[in-house]
Structure formats: C-alpha cells, structure tokens
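Residues or ranges marked as S-adenosyl-L-methionine binding site in Swiss-Prot (evidence: sequence analysis): G43, G44, Y45, D60, F86, D104, Q111.
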Amino acid sequence: MSDLEPAKNPEGASHVSVLLGEVVAALASGPGDMVIDGTFGAGGYTRAILATGASVTAFDRDPSVQRFAAEFSATDGRFRLIQDRFSQITEYLEDASVDGVTLDLGVSSMQLDEAERGFSFMRDGPLDMRMGADGPTAADLVNDLDHTELARILYVYGEEHASRRIASFIIKRREERPFTRTLDLAHVIERALGGRKGAKVHPATRSFQGLRIAVNAELDELEAGLLAAERVLKPGGRLAVVTFHSLEDRIVKNFLAERAGRTPGGSRHLPPVEAGAPPSFQLISSKAIAPGEAELAVNPRARSSKLRAAVRTTAPVWSEAS
C-alpha cells in the first residue's frame, strides 16, 4: 500500500484505492506526463498520480464526485474533471496524446456506503444502481423485464446459477406490488435461495451484481473504453486496469492478450482485424497482479482485485491495421 493519504468519503471514513502502489508503478508517470484517470471516484488514484508530477484528466459519470474534484481543482492546476463516461475519452482528447490511462472498474465502496444510491443489499435505499444521472434504474428492470430476460441478466452478468428460480420469485412478488427498495429485493432473493445460512457471501450478491452491470452497461463500457485507450495512448504510454470479478478480468485479459499478439481473441464489440496485424500493446506482466497480504489486512475490498497493465507500441490501432 502507498503511504499517500487516501481520499475521504462523505462520512469522513477512508476510501482506500485498491492496488494503489502497483497502479502508480505500472503507469510510471512523471513530470510533464498526461495521465487519464478514467474512474475518478473519490480521487485516490488521481492524488497519487499528481504526486509523481504528472497532470491528470479525470473522467467520471457520477455527479456526486464533483465534491471531491473541487478540492483538486482549487489547489492544483494540473487537474481537470470531465463529467462523462471513460468510453468517451476520444471525444475530448487527440489520438496518441496521453502517457497513461488507468481504470478502476465496478462499483466503489463509497457508492455502496451511500444507501440512497441503491447499490447495497445490506442498507435499505431506493432500487436505483445508476452510476450516472440518467437511464433506467434497477427497479425498472426488475419490474418490467420478462422472465427470460431477467433470468439472462442474473445468469450472464451475475453468474448466478439459480437465475431462473430467482426470476420466478421476483415476478411472482411484483404481481402483488412493484419493487422500489433494495432490502425488499434482497429479501425475496434470500427466500428464493432458501437463505443459504452460514454462507460467507450474501445470497443477493450475484443478483445485485448482475442488475448493476445491466443498468450501467458496464461490460460494453469497458470494451469501448479499452478501444479508446488504445487510440489516445502515445507509443510508450501505459494502460493499467483494475478489475474485481471474472467478467471484467476476462475482457481485459483477452483484449490485452489479443493486442499483444498472444491469442486470436475476438469480441462482438471489437472491430475485426486481418491476421498478422502488428501488436498494439506489449504486456508488462503475463499474469495479473494481485494484492499482497498487507493490503488485504487493511483493505478487505481488495480481495478479488486484479491489475493488468501493458505498454502501447508504435503500431496503429487495430481498427486501422491492414
């Protein structure tokens, strides 16, 4: 863990950025460099990157981060926040113009701690789950989707094997009254799964993950963001991505392996490339970097995190390769 002071959440408790020291090392930024913090949050990565002497352009679609950004804007002219999704980087920055891009994926502990955001199955709040200010809420999905689509979301995005049973319980209950609160939904999921007493993981964990990913189109956003990073990074620029579950990690792993010439890869979101396209990235490490025991002791949230990093080569972006 870095000895840099972590950013603070609204309640004053520390919001500790995961794998902070490892991310800073992977970016290897310094004075004169421009780094993109694609998931600003409470500013933990931004603070550490600024400490290296680099400038930071941060992105975040969550309006609530403005209160953290104001602190940086007031004290450091090397920082700016763009209130948008990280997949939109190319709308604001020129190709091959930045020295580093970092992404810290998924929901933050800050968002989980704020019951009114509707992400938590442990705190009662409106069934929202939106990271931004617009679009359908989790309540919209739970109350409107048919059984097939609801079960698909829980299975594909939540990796919940009891997805059909949970969807059936949800639909039966919503016929009586619509879902509006997080704990209401969590209790129905618990009943569908029989409580799973003694389980270390809450029964609603996977279902809430699936709904959150669907509400925010997180996997589509990730793949679009990786393509954007490939475009805006200079030759020698570095990409560092922290993931928290297998769906995210698989996308990042396959993208970087493919772009480094390690595997054919392939995704419905990525443009087709002819065989023999020159590698656009070189892997910094062939394996993901995991948190050490010291970090896990003080930050349990880091338990499932993985860091993958790579260096941009001089090759063109793959959509332009021939």
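Just so it is clear, glycine is given a Cβ too, placed from its N, Cα and C backbone atoms.
Shown on the structure are the features that Swiss-Prot records.
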residue: Y45; record: S-adenosyl-L-methionine binding site; Cβ contacts under 8 Å, 6 or more apart: S17, L20, V23, V24, D37, T39, T102, D104
residue: D60; record: S-adenosyl-L-methionine binding site; Cβ contacts under 8 Å, 6 or more apart: T39, F40, G41, L81, Q83
residue: F86; record: S-adenosyl-L-methionine binding site; Cβ contacts under 8 Å, 6 or more apart: I36, G38, T39, F59, L103, E221, G225, A228
residue: Q111; record: S-adenosyl-L-methionine binding site; Cβ contacts under 8 Å, 6 or more apart: D62, R117, F119, M131
D60 (S-adenosyl-L-methionine binding site): secondary structure state under DSSP, collapsed to three categories: coil
DSSP three-state assignment (helix, strand or coil) for Y45 (S-adenosyl-L-methionine binding site): helix
Cβ-centroid neighbours of S-adenosyl-L-methionine site G43, G44, Y45, D60, F86, D104, Q111, 8 Å, sequence order: S17, D37, G38, T39, F40, G41, A42, T46, A58, V65, S108
DSSP state at Q111 (S-adenosyl-L-methionine binding site), helix/strand/coil: helix
Protein Cβ atoms within 10 Å of G43 (S-adenosyl-L-methionine binding site), excluding its own: 26
